[in-house]
Amino acid sequence: MAKHLALSVAAAVAVSWLAASSAAAAGFYEKFDVVGAGDHVRVVSDDGKTQQVALTLDRSSGSGFTSKDTYLFGEFSVQMKLVGGNSAGTVTSFYLSSGEGDGHDEIDIEFMGNLSGNPYVMNTNVWANGDGKKEHQFYLWFDPTADFHTYKIIWNPQNIIFQVDDVPVRTFKKYDDLAYPQSKPMRLHATLWDGSYWATRHGDVKIDWSGAPFVVSYRGYSTNACVNNNPAGGWSSSWCPEGTSAWIHRELDGAELGTVAWAERNYMSYNYCADGWRFPQGFPAECYRK
């Protein structure tokens, strides 16, 4: 489910930040904008160097942040520790979006909470020119609430790669005759919100507010990306930082494609290219291509 729906909640909710120390928060404020209820976010430093951001969700508000810059291609990663216990109905996200319009582009990583003892679902999705419905969903091979794990999006002109702890789990390839996010600059977003209408068992399981507040922690944010703050888009290598060569032409090799196949075989819980009920007139064109 795209965050243009989610953020209609988050935007109304609005979020701001309480910093445990002004020094810890200063660098964060240089990179991100936040709005809203100040007591729903904390920016702290564990060791004087590492920033940790805690987002909170309760009945009154969700929380989130968005990058000041917009990007056209890049490598984006963050470490996250998800909501523990009964997290049913909650949605935690790390994603890129060009905005809320009908023709928007978006690249999603979302975590859909579940009842205690049941696994989280990691939802990946790609939107191009307003066309989404390209979800691959996975259970994880570890408990994402017990410790921090690294989630990464690599977005370049050839493909989009989703990684978990440096393990590729999905690649979405560009085809010249099909829509692909390549012209609209996107901002980075992170949110924690109430997705009861959708997130857990197709909305059958709602948030148990007796367990609030729900908290998710972010740290170790890293980006190597081409900054493009021109709404009209366009791309030039001059906008890209040092180190761009590590990802700008990156495609998965045979061994990495084997890792994707391993993830699909052992942990995939949903593949839009196998959902005939959803696509009775035929699957999207990319489903038929290798």
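Every residue gets a Cβ built from N, Cα and C, even glycine.
Source: prediction; values computed, not measured.
Listed by Swiss-Prot as binding xyloglucan are ASN123, THR124, ASN125, LYS133, LYS134, GLU135, TYR197, TRP198, ARG278; the candidate from GLU110, GLU286 that the record includes in that site is GLU110. For the pair ASP108 (site 'Important for catalytic activity') and THR124 (xyloglucan binding site), the Cα-Cα distance reads 5 Å. If you take the Cα of LYS133 (xyloglucan binding site) and the Cα of ASN114 (N-linked glycosylation site), they are about 22 angstrom apart, rounded to a whole number. When other Cβ atoms within 10 Å of the Cβ of LYS133 (xyloglucan binding site) are tallied across all protein chains shown, the result is 14.
As a whole number, the greatest separation of Cα atoms within the xyloglucan-binding residue list GLU110, ASN123, THR124, ASN125, LYS133, LYS134, GLU135, TYR197, TRP198, ARG278 is 20 Å.
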